Amino acid sequence: DVVETQEHYKSRWRSIWIMYLTMFLSSVGFSIVIMSVWPYLQKIDPTADASFLGWIIASYSIGQMVASPLFGLWSNYRPRREPLVISTAISVAANCLYAYVHVPHSHNKYYMLTARALVGFGAGNVAVVRSYIAGATSLTERTSAMANTSACQAVGFILGPVFQTCFTLIGEEGVTWKFLCLQLNMYTTPVLFGAVLGVINIILIFAIFREHRVDDMGRQYKSINSDGEGSDVLDQNTEGSIDHVAVVALNILFFVILFVFAVFETIATPLTMDMYSWTRKEAVFNNGIILSAIGIESVIAFMVVKTLAKKTGERAILHAGLLIVLIGFFILLPWGKKLPNIQWQDIKNNSIPSTAPSEMLAPFWSLPELQLPSNHTEPVGCPVAQSWCLNTPMIYLAQYISSDVLIGLGYPVCNVMSYTLYSKVLGPKPQGVYMGWLTASGSGARILGPVFVSQIYTHLGPRWAFSLICGVVVVSLLLLEIVYKRLIAFSVRYGRIQE
C-alpha cells in the first residue's frame, strides 16, 4: 500500500519546516534583547532596581506558561493556522510596544514589563508547533523531527545575542524619527528586527503551511481541525486511553530538566565572580564565550541523538542524559581546601558581620586571602556578607569548565528525549493541550529555578545549592526507573506496532 503520495509528503515537510522557523523566531524573540534589558531599563526609568529587572526577565516565562495551554486547546479544535498567526501577531505588537516604552512620561518600567510578558504570551505557540510536528510525523520520523525542532530553538537562543551585538554598532542615541516618536538605537532596533521577522513568519504560514496528520505508521488521515486539508483515511488508531501516569511522570521529568538548566544559567555569573575574582565585565564576557560554546555543543548533540536513538531507544538516552547532568553538578561541588578570595572593600568598610562563624577564629594562615583589584574601583572576590565565603572551599576553574561541558551535553539530550517520548505516549489523538501543559511546566521551571538558586546560593553557598540539585536529579532518576516500562508509544502499548 502507498502510505502517502509524493505531493502530500512534500507539502507535509514544507509545513514542518515552517514550524521549525516559528520555533527559531520564538527563541530569538526572547534572547535578542536579554543582554540589553538592564541598561535600557535604567535609561528609560531610573526608579527601576535590580529586583524589578528580575520580574521583567521572569515575565516572559510567566506569559508563556499562561498562554501555552490556551493555544494548545485552541489548536485541538480549530485549524492550527489560527493560533499560530494570532500568537505571532501578539509577539509582533509586543515588540513594537517595547520599542516605544521610552515615550510615556512615567511608569515606563511597567510598560516594559507588559511588553516582555506579551512577547512570552505569543511564544506560547511552541505548544502548537510541537503538537503539530507530533501529529504530522510517523514514529520513525518523530525523534528526528523533535531533535530538529529543539536544534532550531537552541540556534535561536545562540543567534539572538549575536544579532543584539551587531545592533550595538548603532549606539545608544541612534536615529530619531520625530514624526513617529521612534528612536532607532541599540535597544529598539533588535526588537523591531524581531517584529519584521514575525511578519515574514505570518506571511509564510499563510502561503506555505498546510494541515497534515499521519498515524504512527505514516498513513494520512483527516483531523478534526484540518479545515478540509488532508485525506480521508480511517482513523482506526485513536481508540484506547492515554497512560496518564506516564504523562504526569514526563511532565515532572521535563520540569526537573529545565529547572536544573535554569539554575545553571542563573548561577554562572555570580559563581565565577565569587570564585575567580572576575569583574562584572570579565564575568559577562567569559561566561558569554562559555555559553556560546555550550550552545554549539547542544546543537551537535541534537544532531547526534537522532541517530543514536534509533539504536538504543529514547528511554535509555533520557536515562543517560540525566546521569550526565548529575555527574556535572556533582563535579561542581566544592572539593578542595583553598578558600575563595574575599572582597577587599567589605573588609575596608568593616562590614564583617559581628556574628562571624567560628571559622573566623581560626589561625590567620588558614583564612582566605584578601583580593585587591588592580584598578581599586570595583570590589572583586567573594563578598564577606555571604558568610559561607569564609569556610567553603572554592570551586576550581577546571571543575567549572568540566561541569559546563557535561551539563551542556546532558541537557539537550534530556530535552529532546522528553518531548519525543511525550508525543509518542500521547499517540495519534490531538496533543495541543498536553503539549501546552508540558511547555507550561518548562516555563514554571525557568521561573522557579533562578529564585531557588539565588536564595540558597546567597545564604547557604554552592555546597548546599548543588547538593540539593544533585538530590533532585537523583529523585528524577528514581522516578524514571519506576515508570520506565510505561514510557512506550501509544501504538506499541495497544499492540498495533511492535517496539
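All positions are counted from 1 along the displayed chain.
Heads up, the Cβ atoms here are built off N, Cα and C, so glycines get one too.
TrEMBL labels come from automatic prediction, so no person has curated them.
Here's what TrEMBL has on this protein:
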DOMAIN    15-488  domain 'Major facilitator superfamily (MFS) profile'
TRANSMEM  17-40  transmembrane segment
TRANSMEM  52-72  transmembrane segment
TRANSMEM  84-101  transmembrane segment
TRANSMEM  113-133  transmembrane segment
TRANSMEM  154-171  transmembrane segment
TRANSMEM  191-209  transmembrane segment
TRANSMEM  245-264  transmembrane segment
TRANSMEM  284-305  transmembrane segment
TRANSMEM  317-336  transmembrane segment
TRANSMEM  400-422  transmembrane segment
TRANSMEM  434-458  transmembrane segment
TRANSMEM  464-484  transmembrane segment
Recorded stretch that, among 84-101, 154-171, 191-209, 284-305, 400-422, has the most CB pairs under 8 Å to the transmembrane segment (317-336): 400-422
Whether the transmembrane segment (191-209) meets the transmembrane segment (17-40): three or more C-beta pairs under 8 angstroms: yes
Across the domain 'Major facilitator superfamily (MFS) profile' (15-488), average pLDDT on the 0 to 100 scale: 81
Distal contacts, the transmembrane segment (245-264) - CB-CB under 8 A, six or more residues away: 318, 322, 325, 329, 407, 411, 414-415, 418-419, 421-422, 425-426, 434, 437-438, 441-442, 444-446, 448-450, 452-453, 465, 469, 472-473, 476, 479-480, 482-483, 486-487
Two-stretch contact, the transmembrane segment (154-171) and the transmembrane segment (17-40), at least three Cβ pairs under 8 Å: yes
Remote residues contacting the transmembrane segment (400-422) - C-beta distance under 8 A, at least 6 residues beyond either end: 130, 142-143, 146-147, 149-150, 154, 247, 250, 253-254, 257-258, 260-261, 264, 271-272, 275, 290, 293-294, 297-299, 301-302, 305, 309, 314-315, 317-318, 320-325, 327-329, 331-332, 434-435, 438, 487
Chain residues outside the transmembrane segment (434-458) and at least six past its termini with a C-beta under 8 angstroms from it: 54, 57-58, 61-62, 64-66, 68-73, 120, 124, 126-128, 130-131, 134, 242, 247, 250-252, 254-263, 266-267, 270-271, 386, 418-419, 422-423, 426, 464-465, 468
